[in-house]
Structures are given as structure tokens and as C-alpha cells.
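Engineer: Okay, these came from Swiss-Prot:
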BINDING   F10, S11, G12, G13, Q14, D15, S16, T17, T18, C19, L20  ATP binding site
BINDING   C188, C196, C199, C202  Zn(2+) binding site
Amino acid sequence: MSNQQALVIFSGGQDSTTCLIQAIQTYGRENVQAITFQYGQRHAVELERARWIAQDLGVKQTVLDLSLMRQITHNALMDDTAAIETAENGVPNTFVDGRNALFLLYAAIYAKGQGIRHIIAGVCETDFSGYPDCRDVFVKSMNVTLNLAMDYDFQIHTPLMYLTKAQTWALADEMGVLDYIREQTHTCYNGIVGGCRECPSCILRERGLAEYLESKKAV
């Protein structure tokens, strides 16, 4: 695939960094770009991580400002004063309406301008967080919509879609970057460097790592 280019939607978290490294190994560093979105997220430390990782990996990064989302929607991920809650049923209060739809739209606009057809997103529905825009059916629908809207043959790839978090850690290990992902990425919703170990994102990350390391020990 060395003659093809890819654009990775990149937050600086575990999943998107895993996807970025996989893309570099698949397409070649010179054929990969990253796009990052500032949308008023309370865990803005991830933006700093994203910048550092992109630079460290030698990948061109573009950061787009979508903070206008604060004007039209409210959720715990964009409100520092709101408590982060996990819904027993329904959508968690950290869900940002339309976020992944906007990310894919702006990524596609940018990609077309760069002559890029492959867009990679680290969304996953296996360890389902309750986010409707992380489902495969949504991504496939958005792929069709973008192709029709821009008359362009985009291919949206979601390599983690059916992986558990433990399997995502296993993938990082297979690529030789498990320690890099552990030490350099940021996932915490509360914006705490190293993780708060209490928010849903931290719990999922740590549980998945523990499961993978335990299974590795048993082999």
C-alpha cells in the first residue's frame, strides 16, 4: 500500500494512537497524516499528547477548532463542572451529540483536498460505551453519505471495531509498541495525567490491560 495515503483521526488516546502506528506500518510514515479536533473537551491534555506523539512519530498533524460545539450541545465531556456518570440504560452523559459525524465530515473534506481516500478511525463497538456513533452501522452509513456528498471514493477503516480493549492491547504488543501506548497516550475523561482510575475510560483501559497481561502470562 506504499503508493496510497491515509488520514488518521487522532486524539492522542490509546485507540487512535494504536491506529496511527498501524497506519504507519501499513502505508509508510510518509503516506500518513493525522487530524486532531479541539472541540472544548475537558480532557484537553489529550491535545498536548496528540501533538507530542505526532511529532515523535514523524507524522504531519493538522488541528482543527470545532469549539463551536459548546454553543449548541451540552454534556459532561465538555463541562468541567458536570459529574461524569455511567448510564445503567441509555446513553452516558459523556456522549457528545454529532461528534463522530462531524469528525468524519471534516476529516473527509480535508482528505479530499489532500488527495487522500483512506480515512482511519479508532472507534469500537465491542467494549460498547453506549455511544451510538461508535457503531459499525453508523460508520458504514457515513461512508456512503460522504461518498455521495463529495462524489469521491472514500474508504473509512475502523480496525478496532470488533476488538475488545484487551485485544487492542494485544495488537499494540504485536506491533512492538505496548509500552509506548501505556506511557505516552492519554485516555482519562477527567484530564488527569496518568489517569484518574475512576472514569469509565480509565476503568475500561486498565481492565483491558489487566486482562491482556493475565492472558499473556497464562500462555
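Just so it is clear, glycine is given a Cβ too, placed from its N, Cα and C backbone atoms.
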Engineer: Long-range same-chain neighbours of S16 (ATP binding site), Cβ under 8 Å, sequence gap at least 6?
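Structural biologist: Long-range Cβ contacts: V8, I9, F10, A50, A121, G122.
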Engineer: Could you work out which of the binding-site residues (L20, C188, C202) has its C-beta surrounded by the smallest number of other C-beta atoms within 10 A?
Structural biologist: C202
Engineer: What Cα-Cα separation, expressed in whole Å, is found between C188 (Zn(2+) binding site) and T18 (ATP binding site)?
Structural biologist: 16
Engineer: Of C196, C199, C202, which is closest to Q14 (ATP binding site) if I measure between C-alpha atoms? They're all binding-site residues.
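Structural biologist: So, of the listed binding-site residues, the one sitting closest to Q14 (ATP binding site) is C202.
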Engineer: Which of the binding-site residues G12, T18, L20 has its Cα closest in space to the Cα of C199 (Zn(2+) binding site)?
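Structural biologist: Sorting the binding-site residues by distance from C199 (Zn(2+) binding site), the top entry is G12.
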Engineer: Could you check the binding-site residues C196, C199 and say which one's CB has the fewest neighbouring CB atoms inside 10 Å?
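Structural biologist: Output over binding-site residues C196, C199: least Cβ neighbours within 10 Å is C196.
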Engineer: Measuring Cα to Cα, how far is L20 (ATP binding site) from C202 (Zn(2+) binding site) in Å?
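Structural biologist: Cα of L20 (ATP binding site) to Cα of C202 (Zn(2+) binding site) measures 20 Å after rounding.
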Engineer: Using the centroid of the Cβ atoms of C188, C196, C199, C202 as reference, list every other same-chain residue with Cβ within 8 Å of it (recorded Zn(2+) site), in sequence order.
Structural biologist: T187, Y189, N190, I192, G195, R197, E198, P200, S201, I203
